[in-house]
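Okay, structure first, notes after.
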Amino acid sequence: MAEWRQYYQNEDDEVEEDEEDSGGDYKISGRDSLVFLVDASKEMFIKSEDGETSNFDMTMQCVRSVYTSKIISSDKDLVALVFYGTEQSKNPRNSFKHVYVYHDLDSPGSQRVLDIDKLLGEKGAQFAEKTIGSGETSLGEALWCCSNLYSDIKLRLSHKRLMIFTCRDDPHGGDGAKDRQARTKAADLKETGVVIDLMHLTKPGGFDVSLFFCDIVSPPEDESELGLQIEPCRKLEDLQKRVRAKELKKRSQSRLTFSLGEGVNLAVGVYVLARTATKPSAVKLHRDTNEPVRTKTRYFHAHNGGILLPNDMKRAQVYGKKQIVMEKDEVDEIKKFDDPGLVLMGFKPMDRLKLHHHIRPALFIYPEEEQISGSSCVFTALLLKCSEKNVFALCRYIPRRNTPPRFVALVPQREELDQSQTQATPPGFNVIFLPFADDIRTLDAHVGPTASDEQVDKMKEIVHKLRFKYKSDSFENPVLQQHYRNLEALALNMLEPEPIEDLTMPKVQMMDARLGPLAQEFKDLVYPPDYNPEGKPAAKPESGGGAAEKKPKAEISEEELKNHVANSTLGKLTVPVLKDACKQFGIRTTGTKKQELIDALTMQLSK
């Protein structure tokens, strides 16, 4: 029988869980899908004013970055690349003219990245001219072709998105029939759940969205979405930022009920705003086929070797030297404290929340109007009052079934806009996990020599010289970057990975130029004249001119050992003391573990 504790999940390991494991009935299943619909007209190949890149080349670089990120982060998602306004036609059953399906809707891979590399740069423009060319434009047929790509997929899709890249605000040149066809097919796509976004690029004279594309793109998904961007993308960084913000679906980790009192409930979504980037776990592959290996676990009876079903296995707990057997339903009932959700316990002033109370990554909650009508109104009122009175809400938080409760502080956060009136900080509550009394320990602080006022003033000057604005997103993890560069080089048949710049290393030359003589002045104030930080430490003076005397071993008497045996307190002694006691009384031991030494001493002294 297995100990029932091993069936109890560790709550600290569930911070970065998937949506499928979230509490309640809210689950997300299926794969995300993304279709790039790129304009292949001659205007797209015209180089920019600086003469460096064209809109087509900038689009291909952005598509390549999305492909590589999908391979790393979510290789199960489906991605497609379709060109419209082409001279050549290539699509299923060749039903649509001037539409070229470069990549079908499928999982991204290294070969697809190599295919896009052929379209980059000056040689890529020449290759595109030979392969797809530029011809007439019919956006309606291109949207129809994309609709067929979605309908041919038999897998379950959780999110469908289509991005249009173009620099022409009137693709049909005033042809009303083609305009109506495009609007009709766009409406059909929206009815099937496809979100259409416009990634419009710069063009001479400006891009007028209201001329045609305002009827094609989808409306904003929620209040936080900006929907259609008015300004066109002029740089690759702006285009990548806009695509990255659109390609990922904003998903809540879980949806819970927030209880404010008797009969006053609202629904909130729990979001993870930031999480630690880690290396992916290793995947076991078959040595012959190189396919992923699936593992299956089966339990067998210790005596007859029969397969044990889940109903055949029981949980047990030893209490008072007696094994107590429990059914699975009984164990679930013991582990259940309450239903998942947030329960308001009260309010506290903000000054009662200390910095050391932040023991785990914080979460973020936002109202879910679809679950309980009126949640947004009540949530907004609570947020405004907490912000006005400078208090935080103390709540009991149970994230999912069969997990112990935690006390959290809901810190209000008001909405903030930047200079372009774009939302920089969303409104909501930050969920701060509070420690229990056992989590706070008292440590003995090391007492060192006190610095003089002159030394402190000199260090203040050094700190002032080396001060800079810190941004966490400015420093990439060099280990992760090197790991993925190695994988990219292996997958794309590169001779060697691209070099990376370790941004965590200090800029010694710049620091020396800023400090000047301050570093040496500080050394003269703190260290002795002959101090060498890179040299070996001086040897300690030997007492009496001979070898350093060893400390005598502390021996323990037989009477003290017998008292420990009688009181069952041998475990308080350290392993070296137990070893010396065994040697002192001639007790031979075969092991070096603490419990083996205790058993040997107990057996010898109990005779």
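Using N, Cα and C of the backbone, Cβ positions are placed for all residues, glycine too.
Per TrEMBL, the feature active site, schiff-base intermediate with DNA maps to Lys27.
Annotation source TrEMBL lists compositional bias 'Acidic residues' at 10-23.
What TrEMBL lists as compositional bias 'Basic and acidic residues' is 548-560.
Look at the domain 'Ku' (305-451): DSSP puts its residues at 35 helix, 53 strand, 59 coil. Marked as domain 'Ku' by TrEMBL: 305-451.
According to TrEMBL, the feature domain 'SAP' maps to 570-605.
According to TrEMBL, the region 'Disordered' annotation covers 1-27 (among others).
Taken from TrEMBL, the feature region 'Disordered' covers 529-560 (among others).
Per-residue pLDDT, averaged across the domain 'Ku' (305-451), gives 88. Residue counts for the domain 'SAP' (570-605) under DSSP (helix as H, G, I; strand as E, B; rest coil) come to 25 helix, 0 strand, 11 coil.
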